[in-house]
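Participant: Sequence annotations record features per position, and here Swiss-Prot assigns transmembrane segment to 9-29, 45-65, 98-118, 136-156, 163-183, 211-231 based on sequence analysis.
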Amino acid sequence: MAMGEALRAAAADAVVTFLWVLCVSTLGASTTAVTSYLRLQGVHFALLVTVSLLSVLLFVFNILCDALGGASFNPTGVAAFYAAGVTSPSLFSIALRLPAQAAGAVGGALAISELMPAQYRHMLGGPSLKVDPHTGAGAELVLTFVITLAVLLIIVKGPRNPIIKTWMISICTLCLVLSGAAYTGPSMNPANAFGWAYVNNRHNTWEQFYVYWICPFIGAILAAWIFRAMFLTPPPKPKAKKA
């Protein structure tokens, strides 16, 4: 990949990640607003609204990412699709895209912190560690492993209908968010975690790097390798020509 293409990919990732963090951070407030307006009570209604909003958000961002040439808002997604052999960006391009995503996330977190109405501002804050670092790191590794494997299966081997794909990813994401809420927030997206850590002045700690960067990458790459070994058929070997 040429320098210009790599820079364009990094810029696209920065923009998409900025918009993603800006939008996804409003899910809690949006769910509250919708359920209050429709006078819906009960956790099951709140979960249904959240899944629906997340599905719409993912569907829109899938279109946006495709329009920008395959942009991404999750560093582990870039690494996983590369490790699985689904995409083949250059390592130089990846080296530019990951910090661009982190910078975009910082911008998105700062922007929504200013734009969010005062009555919903307490719902912001991003993922935070609620257990000891090793337990939190293990939780992020497992959660990122599961969501990465699920996303690869749904996108590469799942149904062709993009709406069904988006709905399946939304349900998987919400289930894992609820499962990891008591451990790390959770994040499953190092850029998103970094953006909020920067806002809360926790971005330059070993704990942040260990829990929200190292272990999610390990989980994502392990999932990609397993997916590649189990679900991607290797190309047939050319037959040797007879002398």
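Backbone N, Cα and C atoms are what each Cβ position is placed from, and that goes for glycine too.
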Participant: Could you tell me whether the transmembrane segment (45-65) and the transmembrane segment (163-183) have 3+ CB pairs under 8 A, leaving out pairs under 6 positions apart?
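Facilitator: Contact between the transmembrane segment (163-183) and the transmembrane segment (45-65): present.
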Participant: Could you check if the transmembrane segment (136-156) is in contact with the transmembrane segment (98-118), meaning 3+ Cβ pairs under 8 Å among residue pairs at least 6 apart in sequence?
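Facilitator: The transmembrane segment (98-118) and the transmembrane segment (136-156): touching, no.
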